[in-house]
Every structure is written in C-alpha cells, then in structure tokens.
Amino acid sequence: MPIKKSTKKFEKNHLKDVLGRRKDFAKTKQKQQIKAKRQERNAKDNARAADVEEEEAAKKAKKNQDGSKFADMSVDDFFQGGFEVPEMPKKKGKKSAAKANGVAPTTGKRKRTTPAEDKDLSDAQAEDSGSELGSEDGIGAHKGDLEALKSKDPEFYKYLQENDAELLDFDEDADLAEIDALSEDEDGTTPRKKQKKDTEGSDEVTKAMVKKWGAAMTEKHSLRATKEVVLAFRAASHLNEEDGKEYKYSISNSEVYHELLLIALKHVPEVIKHHLPTKETAAGKIRVPTDSKKYRTLGPLLKSHTTSVHHLLENLSDTATVRLTLDSLLEILPYILSFKKLIRDVVKTVVAVWSDTGSTEVTRVAAFLILRRMVVIGDPGIKEAVLKTTYQGLVKGSRNTTVHTIQGINLMKNTAAELWGLDANIGYTTGFNFIRQLAIHLRSSITNKEKESYKTVYNWQYVHSLDFWSRVVSAHCETLREAESGKESPLRPLIYPIVQVTTGAMRLIPTAQYFPLRFQLMRALLRVSMATATYIPLAPALFEVLNSAEMKKPPKPSTLKSLDFSTLIRAPKTYLRSRAYQDGVGDQVAELFAEFFVLWAKSIAFPELALPVMVVLKRWIKDMSKKNQGNKNGRVNSAIALVVQKLEANSKWVEERRTKVDFAPSNRAGVEGFLKEVEWEKSPLGAFVVGQRKQREQRAKLVEEGRKAEERKRKEDREEEMEVDQGGEFEASEDEEEIDDDEGSELSGRGD
C-alpha cells in the first residue's frame, strides 16, 4: 500500500522528535515504570480470573465513554489499516486531538502507534535498559515481541533498525543501560533532588563484591561490572570528604579501599580498550571511534572515571599510588581528549606533580609521559595549553633552588625542552611569546629608576627561564639534527632574541655580588653556541669580571669555605673581597674562557679570534703581578696565564695546518671543511679542556659524597637527640613518682 504524503511529512518533521521523547520518557521514568509493572504482574498472578475480566471490562467501558476510536483495535489490526488515523470528535480542538494521539500539536496525523503502544514500547525500553532492575523474563518477552514484529511487518522492523537501532540491539548493550547516570555530577544539569533520590541508602562495598567485579572485568570485560566499579571508585576518591554529596556506595575497610583502587586503576582502562580499540599511525596519532554508538554510550563513564582519577591525584601523597594513578591516566588519555574542560584540569594537576620538588624522579617522569602524550595526540588547542601550563609549572617549581633541588629542576628543564620540538610551529609561537615577556621584564628593570626594580630580573625564576630556552634551541636547532632532516628547525629564529635578552640581563647589574648570576647565564649561552654553531662574543663579558675592583685588589684573608657557583646567583656579602671568593671567581673565569675558545679550536680563523683576547689577558697578568700593585693572588694569575698559554699553543697548531691549504678565504666549503676529520679533543686547547672537566667532575663527586655523609650524620644526631629526650622524660616521670611517694609518706606521718 503506498505511503501517503501526510505520512511522509510526519516522518520528516516529527518522527525523530517523537522517538526522542519516547527515549527520554523511558530513561527518566524507568524505575517507576518497572516497579509499577512488577506490581501489576504480581497482582494479576495472584488475582482471580473473574477479577481480571471485570477490570478489563471496566477499562473498555471507560474508553468507549471517552470516544476513543482505538479502544477495540489490536496492534495487528492497526498495522493492517494503513496510516490514516480516524478523525477525533469535533468538540475537541486540533491541539487536544493531537495531544490525545500522542503526536506533536502541529499535526493531526499519527504514524503507526497508539498511546497504549507508546507505553508498551517505553516499558520495553526501560526494562531493556535497566542494568539491575530488568528481569530475564521481561527481556525474553521483549525479544519475542520483536521477533514477531519482524515476521509480521518486516518493513516497519527495517524502519526501526534504521531509526531506532538501540531498541533492537538490547542484548549487545545490556550492560550500558545506566551509564548515562554517571554524568550527573560532572555536567551539573541534573537537579539536586534527583541526585539525592538516586543515591539514598549507600551500599557498603565488601571484599566479595570487589572480587566479583574484578573477575567479571578481567574474564568477560563486563561493562556492567565496570559501571559499578566506577561508581564505587567515585566514592573512594571522595572518601572522608564533607562535600555534601551522597554516593551509591560507601567504603569503611582499608583493605577493600586498596583493592578497589587497584581494580579501578588497572582494569577500567583495559575494559575500555577492549570495547573501543584504537588505531595508531606511524606519526604517533591515535584514532578513536568517537562517532560510534559505544563511544557515545561510554562517554559518561569515561568522564566520571577520569574526574575521579583527577580528584584522587590531587589529594594523593603516597609515591607508589601516585605512580599507579598516572599510569592509569596515561592509558585512557586518547578517549578523553574531547572533554576540553576536564583535559585542562588534568593538565594542571599533572604539571603540579611534575613540578613538585617533593616528587621523586620516577613520579616526575611518569607525569612527563602524560604531558608528552597529550602533545603528540592532541589537537593544536590542547598542545598549546599543555606547553603554556608546563612552562608556568617550570617557573613556579624553580623558585626555591638549593643544592638539594637543583637536580630536579634540571630534570624539569630537560624534559620540558623536549615538548617544544614535538610540534615546532606551535612551539615557536609559544616560545616567542614567553621570551618576549622576559624581554619586557628586562626593559622595565632598565627604564625603572626604583632601587629594587632589578629584582624582577635577578632571581632564580628569571635565570632558569633563560637557561630553559637555551636548552630548547640547543636541543632542536642542533646542526647535526638539521643536517639529517635537510631543513632548518622552525625554532632557529628564537636564537637571536634569547641571546639578546640573556646578554642584557647579564650586564644589568655589573657588581661583584652578582658574578655568579653572570656565570650561570654565560653557561646557557655557551650551550647555545656549541649546539647551533652560532658565534656569541662572550670574551668581553668575562674580561669585565677580571677588570673589576674585586679582582684587581688584594683579597682579605679569611677562613670561609669555597662557594658552589652551580647553586648561586648572588654571593653573600661576607664573601666579598675575601680570598675564597676571589679564588672561586678566578677559577670560573679561566674555565669559561677555555670553554668558549674550545668551541672554535678547529676553526681556520682561530688565531685571529684569540689574538685580541691573548693581548688583553697578558696585559692584565702583567699588571696584577707587580710588587707594588695588583691583586697579589698567585693562584688566579697562574690560572689565567695557563689559559693564555693554551690559546697560544692552539693558535700555532692551527697556523701550521693552515699553511697547507690551497683555497682562498672566499671558498666557504673549504673553510667549513677545515680540520673536519680531526676531533676537537686532539687539539692542544681541547686536550686541556678535557682534563679540566675530569678534575671538576672528581671534585663535584667528592663534594656530593661529603654532602650525603653530612646529611646522614645530621640525621643520626637528630635520632639520638630524640632518644635522649624521650629517655629524659621517662626518667623525670619516675622521679616525680618517687617524690609523690615521699610526700605521701610525710603526710601520713604527720597524720599519725
């Protein structure tokens, strides 16, 4: 029978809304409907047949009185009658007639179903979607009805497959029914009354329940058990918190709590991976089937579980549990990228763990792996957010720099530098903005005439920021790496602003107290120059140190310990003009001179590069070695003289080999290939620098061993003091008892 035009119009304009309202009605009323249906079934089973007949007759008479044309019509008769709906009584308006037929008020037509059938289908959907409330008999009966519908009206069954497949595929998705309720707290759209109603009467989680859930998840990958674990894990993550919320489950046993955490953190990602397998490309990109029905159904579960993991991570202190939580979060990361707000919160928390000075190295590496994964698989917005938050965490975590925290800060700088090379274009944009901020701070310090304005630049956070950007360009603009890729890195344009800002900060306050800061920034520039083959003139800045009053005047005798310049940016005032400080500064200057010139030890222009510096240093040594004037510090003068000697030896070595070349200075290929086959360690200056580095490593090792031994000794002393204090208190209490006994005896004697 051909379909009428009105029916097609109804299918186009209103059928989708009708089906949607039907589904919403089934979800919101499923508990009440199933309860009522069970009560009705039990009443019919227990009632007498006559009572049932009388009840049906009464219902039929009532329908006839209402004038309904569908009262005596069965479902089969209705389907055989086509799509024309009998006209309703004229006394009812168009709106009321439409309402009586269960259709939108804008039309008077109705496709196929009656209000009674609407209720049956809603009940069927509710019974099918209930995870624990639906009975096996109800599911079997509903399946039989659908099979009968398939044989009687295959066209309508096909239509349901195309437009309402969830109604038919209830066996496959039986475990997914109540997962939508998990998103109530996260979305904030569900009324508080409904939350309280659904969560009244929390069930106590037992070992048997946890064991049953774990077995179902590992053996069958059950989504029903996963949903229960997620609900229980939500309560576990908010344990002992007075937030006014009620949860389906409660936990009071510590062993159950521990087992539940293990199952939730280990097995939930496995179940999700089983039901939503991903595909990874060669570039590291991961494709998640976000357009599938299972992903849409599992979305609330994923969001709820991730929110619980995030809340747990914010309040954890145990290292092993933090590591396990981070590993679990790494597994589900590809599935939650669409939750932008949640991702931002997760990034902030992970960065806080990564930048915490109290975190162990293993924990920091686990947190970094999450950040790296986000940059690899995330969209440009997520990548930019991760880079910005990471840099902010680095600046915040480097505020307190001591000999105990310097290793953790260097780990942060090295790992964060890797992130900027994963997407160099976004890395350049964010890097340029942050370097510009550093330049603005420097300009403000220069133009501002206030006394304390320089402190916005002369602090550990600013120094670590400049050092970090030097590591970024050194890691990703290395000449060997660019030669392998065949093109320059997009981050190479950042070299010039980094060098300019660093040299400006280095010379902002040229006093002797901030020589350690100058040395820190010089090492950052040496790193950039060595990795990128960029010439940066550092010799004048070093000669400024030698030409200062601190190094030209005789030092005052003192018994102070030598300073560790690797953890200093400002020297204590007690060290100024002391011999310990002058010796330390002299060693640093000699070392940096050698490290600077060894970068160009094989250059064909080394003699011309070193000649002006050798002349200036010889003149300084001559002035400082005079009897009537000078610093009268043989150690410093000898160290500088040794550097000059090695520069002269290296210049002669280069000149000897330069006489054998047959190309002009304009031949760039010949100039760049000069001594290319010779290792820099074979040069006179290179051999000297290698020996100096080994000596410094040995001294640093001895200092580190001494520091550890001193810490152990202090710890033992504190433990002994605590034992002595406890023993003293115990002895004092015994003495007090003896005094009390004596006083008691005296009182008793007086009484006698």
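Placement of Cβ uses the backbone N, Cα and C atoms for every residue, glycine included.
TrEMBL lists 8-27 (among others) with the feature compositional bias 'Basic and acidic residues'.
Annotation comment: TrEMBL describes 37-66 (among others) as compositional bias 'Basic and acidic residues'.
What TrEMBL records for 696-717 (among others) is compositional bias 'Basic and acidic residues'. Remote same-chain residues near the compositional bias 'Basic and acidic residues' (696-717) are listed as 403, 564, 591 (criterion: CB distance under 8 Å, separation of at least six residues from the stretch ends).
Positions annotated as compositional bias 'Acidic residues' by TrEMBL: 718-745.
For 1-147 (among others), the entry in TrEMBL reads region 'Disordered'.
Residues annotated as region 'Disordered' in TrEMBL: 180-205 (among others).
Residues annotated as region 'Disordered' in TrEMBL: 696-752 (among others).
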Under the DSSP assignment, what numbers of helix, strand and coil residues are found in the compositional bias 'Basic and acidic residues' (696-717)?
22 helix, 0 strand, 0 coil
From the DSSP assignment alone, can you count helix, strand and coil residues within the compositional bias 'Basic and acidic residues' (8-27)?
19 helix, 0 strand, 1 coil
